[in-house]
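Q: Mind having a look at this structure? Questions to follow.
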Amino acid sequence: MWLGLRLFHRPFSSLAARGLVYEKHGEPLQVLRLKNVNITHPADNEVRVKMLAAPINPSDINMVQGTYALLPQLPAVGGNEGVGVVVEIGRHVSSMRPGDWVVPVDAGLGTWCTEAVFSEDSLVRVPSDIPVAGAATVSVNPCTAYRLLSDFETLRPGDTIIQNASNSGVGQAVIQIATSLGITTINVVRDREDLSSLIQRLRDLGADHVITEEQLRKPEMKDLFKNCPRPRLALNCVGGKSTTEMLRHLDYGGTMVTYGGMSKQPVTVPVSALIFKNVKLCGFWVTQWKKERAQTDREEIVKMIRDLCDLIRRGKLVPPPSTQRPLEDFSRALQDSQTPFLSRKQILIM
């Protein structure tokens, strides 16, 4: 829960901030307003954070629209991800101090603001020697990619995975993390006018094979597996026909994990894949994973963020191409974030 939202009154002890507030669900450009909000000094287990940067993700849009699986109480400040610097701590806070960089690990906290007050256990420290854009975008897509590669199959150097939506934020993170582990990636993308430049960009990130949805359906796919083993793991963010085609190429006993449904089409599984190939089907939602681990093993969240930041520091995990805009220019950023085939991440600078 975002703890600093005070829209109508400003007590003597409160502090002024600005945030993108919505009082009802709807299209972001219609319901979001940049407003002055009031935040209080932190209580014993709270932290006041000056936000530095916060991206616009599809889940942020869905939350404002009211279609996401987790919805904050209204009125609310938008944004689930970002990086900020600690400016004040409550007297019982022990894991961070003023000057530390922090990122949220809970969803629905409201990061599209200049300052906010969060509970200590909803934040994790990150190093301040990595790029702001990397820190601001580390806690959603890279965390999803990290868990997809860690939790469903025991992957070793030389193994292969296949994924669709490979140019998405998660897809790009999967490519880079897999490359750092010596895992071969087969990356499926939609055909488009700038296909050659997209293929080159993904190869620059470490992609071994980049193919289109149409190529995925062709018999010539068998030639690809002369040079690499069939994938043990398939990562699905699309659904529909793309899912069925990836399943055809999955190795015996392999696993397909669905973490999104961009096509809004159901996952269709041939009976033969279940009976004769013994494939396993799973779903994954990083928000739920974090919620469960926060209660049982918070150190696993901290380790994941630490590992990802180390990859960023070593240049093995770069954030997606981005356009950074001041908070006041949020309308342009929101519009561009929903433009098809515009692959640049929109990041709000506070």
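Using the three backbone atoms N, Cα and C, a Cβ is placed for every residue, glycine included.
This is the feature table in Swiss-Prot:
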| type | residues | note |
| --- | --- | --- |
| ACT_SITE | Y68 | active site, proton donor |
| BINDING | N141, 167-170, 190-192, 259-262, 284-286, K345 | NADP(+) binding site |
| TRANSIT | 1-12 | transit peptide |
Q: DSSP on N141 (NADP(+) binding site), three-state: which is it?
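A: Note: N141 (NADP(+) binding site) is helical by DSSP.
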Q: Write out the long-range same-chain contacts of Y259 (NADP(+) binding site), meaning residues 6 or more apart in sequence whose Cβ is under 8 Å from its Cβ.
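A: Spatial neighbours, sequence-distant, of Y259 (NADP(+) binding site): T144, L148, V170, L235, N236, C237, G283, F284, W285, V286.
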Q: Roughly how many Å lie between the Cα atoms of G261 (NADP(+) binding site) and the residue listed as 'active site, proton donor', rounded to a whole value?
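A: So the alpha carbons of G261 (NADP(+) binding site) and the residue listed as 'active site, proton donor' sit roughly 13 Å from each other.
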Q: Return one of helix, strand or coil for Y68 (active site, proton donor), based on DSSP.
A: coil
Q: If I take the alpha carbons of N141 (NADP(+) binding site) and Y68 (active site, proton donor), what is the distance between them in whole Å?
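A: About 16 Å separate the Cα atoms of these two residues.
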Q: Quick check on the recorded positions: of Y68, S168, whose CB has the lowest count of neighbouring CB atoms inside 10 Å?
A: Y68
Q: From the Cα of Y68 (active site, proton donor) across to the Cα of S168 (NADP(+) binding site), what is the distance in angstrom?
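A: Rounded to a whole number, the Cα-Cα distance is 19 Å.
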